[in-house]
Every structure is written in C-alpha cells, then in structure tokens.
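Quick look at what Swiss-Prot annotates:
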type	residues	note
BINDING	Gly168, Arg169, Ser170, Ser193, Ile234	NADP(+) binding site
Amino acid sequence: MNNIIDGKKLAEKIIMKVKAETTKLRNNYKIQPGIAVIIVGNDPASQVYVTSKSKKAEECGFFSIKHMISKETQEKELLHLIATLNSDPQIHGILVQLPLPDHINTNRITQAIAFQKDVDGFHYINIGKLAANALEDAIIPCTPAGAMMMIEQQCGQDLSGLDAVVVGRSNIVGKPMAALLTAANATVTIAHSRTRDLDDVCRSADILVTAIGRPQMIKKDWVKNGAIIIDVGINRIAAPEKGVGKTRLVGDVDFEEIKEKAAAITPVPGGVGPMTIAMLMVNTLKAAARLHNLPIPKF
C-alpha cells in the first residue's frame, strides 16, 4: 500500500546526505565527526543496538569507538570515562546506552555528558533549548526528530490548523515530540495512562503519535479517517504461528486494522526505528560542525 511510510527508505536518503556532508567536512576542514558509544553490562538487546549504531557511524565516515564496560562498573568510574570523552577533541558525540544497572543513577550520567556532545538530546540545556523553540541551537532527541521528519514529509513544515495527539509523556519521546509539533504550529494534546476517554482524544487527531509501550492498544475505532499515524512503540509479543516460544515485534497501534483507515502510517518494524539511528548520525554531524564553529548542515 502506498500509504505506508517507509522508514528505511527515508533513513537511507538522510544517511546519503550525512555521508556527503561528512566528506565535505573532511575535505574542506580536515574534520572527521567522532562518536563514542558506552555500554554498561551485556544486555543482548543493548548489544544489538550499539552494534547497529557503531556500524552506521562507520558507514557515514565517522570515527567511531565503543566502550563496553562491566555491569559491576561503579558510577564514579563511568563519570570519569565521560569526563575523559568530554575533553577529547576527536569525539563530538557521546552516547550512553540505556538502561543502566540499578546502582548507577541514570540522570546523573546523562547530565554529566557535555551538552554540546549530548547527541541523544537528554541534557537539561538541550531540553530547555527545545522547549524555548531554539531548534537551530538545540540537539533534539533522535526518535522525535525522526518522527517529525516523517510528519513533515506528509504534511509539510507548517502544521497550522492540524490537531496532533501524542500518546505518551516520556522525556525521551512524548514531551520533545509535543514541543516539535507545537513549534510547527500544530494544536497539540499530550495524552497518557491517566487520560480520561483516551479513545475519544485519539479520535480528534489529524496527526497521532503513539509512544506508550502497549502492544496494539490503539484500535481502528480510535482513529479518524485520513489521520497520519506515527507509531513509536516497539513491543515484543508471542508469535505461536512462527513456532513454540517465538515472538514478533508490533507497535502501539493495531497496524493491520488501521492501515486502511489512515492517510499514512508507519509500520513496526521498519518505520520510526531506522529514522532514530539516522537522526543520531545527523546529531553527531551537526555537533561536529557546531563545536568547530562551522555552518550547520540542513536536513
């Protein structure tokens, strides 16, 4: 169906531009963007994510380094590593793979990263810049940035007159997503687990972004005809049709039910996921340009 938004295809276009801009930086200024990824412990899902991020960085022509450290690592040791990377001129982006072990304070770690190198966009300074609509100067969290690019592809950059509903209020997706939609002149509602009549709220949306981590919660009768649906949820459910103990990935939206009704919809997998990694590359490239006081590439 031609209303399915192909995240892989859009991400590939972005990566092609990142490669071209990286080549310009290297040829014109002798600068190679550098990213450091830190993973604490050996969680299999985290290992997969980190490997894919590192491979994509190398594909873009970045200097990429992985720090894989024991789950017994103490917080002060991790803080020391971050301080070292903060002062390393070869590194323009620092990413700590979440979740962290329970004995490490996640907030303390994310705030220890220099805001100029905070390519996840989690530092309070970057959050504040986004809230203040200083988008040119902020590092924007990767998933909302990628989702917003998909929305712009469908609706253009000015969302005046459109009602947007964001289901989920996390600092990683929900809140920054709402800020980006507001900056684009949409009328925005943030809904969450405590929202009364959530189905009615969702039905009001011209643009519906879901980030709640509830498999296939959003049903066909929750969505208006012709809505744009961006499904950020990644949920693993049993797939007995594949065999005993097998699973499959689904979003927060019942995709098969809703795809005929939506004007455009992202699949899971293959929707927002590839865009998240592409925007991490964009953030690293922009951070390198900004740290060297060079013009910031446009995407």
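Each Cβ is built from the backbone N, Cα and C atoms, and glycine gets one as well.
Cβ neighbours within 10 Å of Ser193 (NADP(+) binding site), excluding its own Cβ and spanning all shown chains: 10. Note: Arg169 (NADP(+) binding site) has non-local neighbours Lys175, Ile190, His192, i.e. same-chain residues 6+ apart with C-beta under 8 A of its own C-beta. Considering only the residues assigned to NADP(+) binding, Gly168, Arg169, Ser170, Ser193, Ile234, the longest pairwise Cα distance works out to 17 Å.
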